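Student: Following this message is one structure expressed as structure tokens.
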């Protein structure tokens, strides 16, 4: 099988550096979230906070490694891991909301929905990395905005500032999908990475300050 690099060398450097910034930031986030989880005194809340931090670290690490490698078999393996880690990040972001804010039946249903779709997405991407890209991207968006199904419970449980941060983060991720899916110009993928960073940072402050 002929291996084709999807980006130029210069683009890959930009791609690796842009998400490489997320690795130390995700480590810092994981430390703060772990401390918050322990201080909460609730095991489920702690799992939620730590899951979010771990998912951030996994996604930024896999993305950086993928874009850092030269074209070859290893790069193809990490491309799959990179795409799979997006599902992990989305589900991981939802987990503290499910276990801390929503709780009860609604929280468990949303938790199962998120991680169920994440598992399906991971299996799909592990086998068919280059097929049905539009459908896979639509699943990312659907997972991200499934919060609308529990919007009333959410609004009743979170302060306005927290909701605003959650909304801004979702908008940043969604706008970034445009640059992820469409090669509009050179370095478009790097632009997508900065939208992801913005969404992650915004959601971190939402979770850390308001949950």
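Including glycine, each Cβ sits where the backbone N, Cα and C put it.
The following feature annotations were taken from TrEMBL:
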TRANSMEM  12-32  transmembrane segment
TRANSMEM  44-63  transmembrane segment
BINDING   67, 189, 193  Zn(2+) binding site
TRANSMEM  108-125  transmembrane segment
TRANSMEM  132-152  transmembrane segment
TRANSMEM  158-184  transmembrane segment
TRANSMEM  191-210  transmembrane segment
Student: How many neighbouring Cβ atoms, not counting its own, are there within 10 Å of the Cβ of residue 67 (Zn(2+) binding site)?
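Tutor: Summing over all protein chains shown, residue 67 (Zn(2+) binding site) has 25 other Cβ atoms within 10 Å.
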Student: Report the same-chain neighbours of residue 189 (Zn(2+) binding site): residues 6+ apart in sequence with Cβ closer than 8 Å to its Cβ, ordered by sequence.
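Tutor: The list for residue 189 (Zn(2+) binding site) reads 7, 11, 15, 179, 180, given in order along the sequence.
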Student: Is it the case that the transmembrane segment (44-63) and the transmembrane segment (158-184) have 3 or more CB pairs under 8 Å, with pairs at least 6 apart in sequence?
Tutor: no
Student: So what sits near residue 193 (Zn(2+) binding site) in its own chain, CB-to-CB under 8 Å and at least six residues off in sequence?
Tutor: 15, 18, 19, 63
Student: What residues elsewhere in the chain lie close to the transmembrane segment (12-32), defined as a C-beta under 8 angstroms and at least 6 residues from its ends?
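Tutor: Tertiary neighbours of the transmembrane segment (12-32) are 5, 50, 52-54, 56-57, 59-61, 63-64, 67-68, 187, 189-190, 193-194, 196-197, 200-201, 204, 208.
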Student: Quick one: which residues besides 67, 189, 193 have a Cβ within 8 Å of the Zn(2+) site's Cβ centroid, in sequence order?
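Tutor: Once 67, 189, 193 are set aside, the remaining close residues are 7, 11, 12, 14, 15, 16, 18, 19, 63, 190, 192.
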